[in-house]
Amino acid sequence: MARQEQQQHLQVLSALDAAKTQWYHFTAIVVAGMGFFTDAYDLFCISLVTKLLGRIYYTDLAKENPGSLPPNVAAAVNGVAFCGTLAGQLFFGWLGDKLGRKSVYGMTLLMMVICSIASGLSFSHTPTSVMATLCFFRFWLGFGIGGDYPLSATIMSEYANKKTRGAFIAAVFAMQGFGILAGGIVTLIISSAFRAGFPAPAYQDDRAGSTVRQADYVWRIILMLGAMPALLTYYWRMKMPETARYTALVAKNAKQAAADMSKVLQVEIQEEQDKLEQMVTRNSSSFGLFSRQFARRHGLHLVGTATTWFLLDIAFYSQNLFQKDIFTSINWIPKAKTMSALEEVFRIARAQTLIALCGTVPGYWFTVFLIDIVGRFAIQLLGFFMMTVFMLGLAVPYHHWTTKGNHIGFVVMYAFTFFFANFGPNSTTFIVPAEIFPARLRSTCHGISAAAGKAGAIIGSFGFLYAAQDPHKPDAGYKPGIGVRNSLFVLAGCNLLGFICTFLVPESKGKSLEEMSGEAEDDDDEVAAAGGGAAVRPQTA
């Protein structure tokens, strides 16, 4: 089978698989990665400013505590971008297979730039109108962000060589960690600058004066700055040629694929149009997504990539979105009434930046350095297992962690759950769908898997706003929930299910994309391929 694949393989694809790491690889990582930097910044920075939005637009000076967003508004502001992302992943994933990766790639970036700026310009003076406008633009921001998931992963996988493909895709995704970190740092800088320029007393000392008028600029500037990295990389994204695998295997233009990659790799590559036509004639397996052939060859794989991403994102996004409430519950952030509005923003940003620096960013880069050594399967299993362990380690002795003197231990344990999410399923669930499906369906299947993940993120962001409420003392406007401790038990259960579902996902380390997808096989080999899941399944002995 290996010899047959070698005979059928186009020279342009073999050249890409065997290429040494070159400058164009790093260029592709930066160009694609800046999209993820922007994605993470835009999606996570909203959790830093929700408390500020509540103070500005929903404070009742007759009440003892500063205002907070009503439950339905908080759920919408936190979760609406995820709804847009889910829709964008499905739409642009499908479009990337129909029109080509490059032609769709610029659309997503422009949407991110325009909607990031528009989010900060949300107009009107009534709270309802401002929040409605903000949610409208954040939905379309999420729609653009959604397209970046399948397109960036697919482009990087189709550009990369076989030996270090996992590290290259992981490096693109790792820019998400820097985006989260940047969101925290930018918020720290802006809140510090405004706090120094417009000092204000704590809410309990001066209810009206604790939120200065200029605080309304703070959240707008933070959201609008998300447009900058995307804008800076637009030109370079448009200069990238279409991937050779799309041009050759989907558009059936071997001449153009060879010409494009000859420039990129700086080597002479034969056109081999005749060979491509022979391959098309010999291998007519142009089955669609909803065909029996796809179900036999890749059905369980798609179920595996979708369910693991879904379960991971329930835990991952709920942690990020209610971490400010966790910090409050362990007294890492003082009670709101003891701070001014800008002081509260500063303290929330400082806490999130510390978690990103210690737990989030290192986990991504451990994946980059180790994924092509130990494989995707082992990293994903380890990640889900350790997340389960640390979640239980937080939940079982939760009352111990919340007593005086034990708060730092809680934060360390909490940081480890983020570390093993990123040195684990948060990275691998992004990588594997870009490697195991046929070129003509690769972007679509990645989009489906990613959309399943965002469905989990929606459950996490909407559901846990309510679930994490204290059963005895819920926040104003909320019904009693199951509390942070029981929420952590639920998240541990999600991680355990993710561990089990990982066994549906094949190992792709060291294999070509065509070997994983079965595109190098004849129709005569279809039966073998249909039962060949075991051939690419990880060895667990």
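Placed from the backbone N, Cα and C atoms, the Cβ positions cover glycine too.
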Of the ranges 318-345, 514-541, which one does Swiss-Prot list as region 'Disordered'?
514-541
Any idea if Lys102 and Lys511 are on the same membrane side according to Swiss-Prot?
yes
Take the topological domain 'Extracellular' (190-215) and count its residues per DSSP category (helix H/G/I, strand E/B, coil), listing them in that order.
9 helix, 0 strand, 17 coil
By a Cβ-Cβ criterion of under 8 Å, what residues six or more beyond either terminus of the topological domain 'Cytoplasmic' (148-168) are in contact with it?
16-21, 24-25, 28-29, 32-33, 35-36, 39, 85, 89, 92-93, 96, 101-102, 104-105, 108-109, 112, 240, 243-246, 264, 368-369, 371-372, 376, 430-431, 433-435, 439, 442-444, 446-447, 450, 508-513
Distant-in-sequence neighbours of the transmembrane segment (169-189), which means Cβ under 8 A and at least six residues beyond its ends:
29, 32-34, 36-41, 44-45, 48-49, 152-153, 156-157, 160, 222, 225, 320, 345-346, 348-350, 352-353, 356-357, 360-361, 363-365, 367-368, 371, 422, 427, 430-431, 434-435
Contact check, the transmembrane segment (487-507) vs the transmembrane segment (127-147), 3+ Cβ pairs under 8 Å, seq sep 6+:
no
Recorded stretch, among 29-49, 127-147, 216-236, 405-425, 448-468, maximising Cβ pairs under 8 Å relative to the transmembrane segment (75-95):
127-147
Considering only Cβ pairs within less than 8 angstroms, which of the stretches 29-49, 298-318, 354-374 has the most against the transmembrane segment (127-147)?
29-49
Under 8 Å for C-beta pairs, could you tell me which stretch among 29-49, 103-123, 377-397, 405-425, 448-468 has the largest tally with the transmembrane segment (216-236)?
103-123
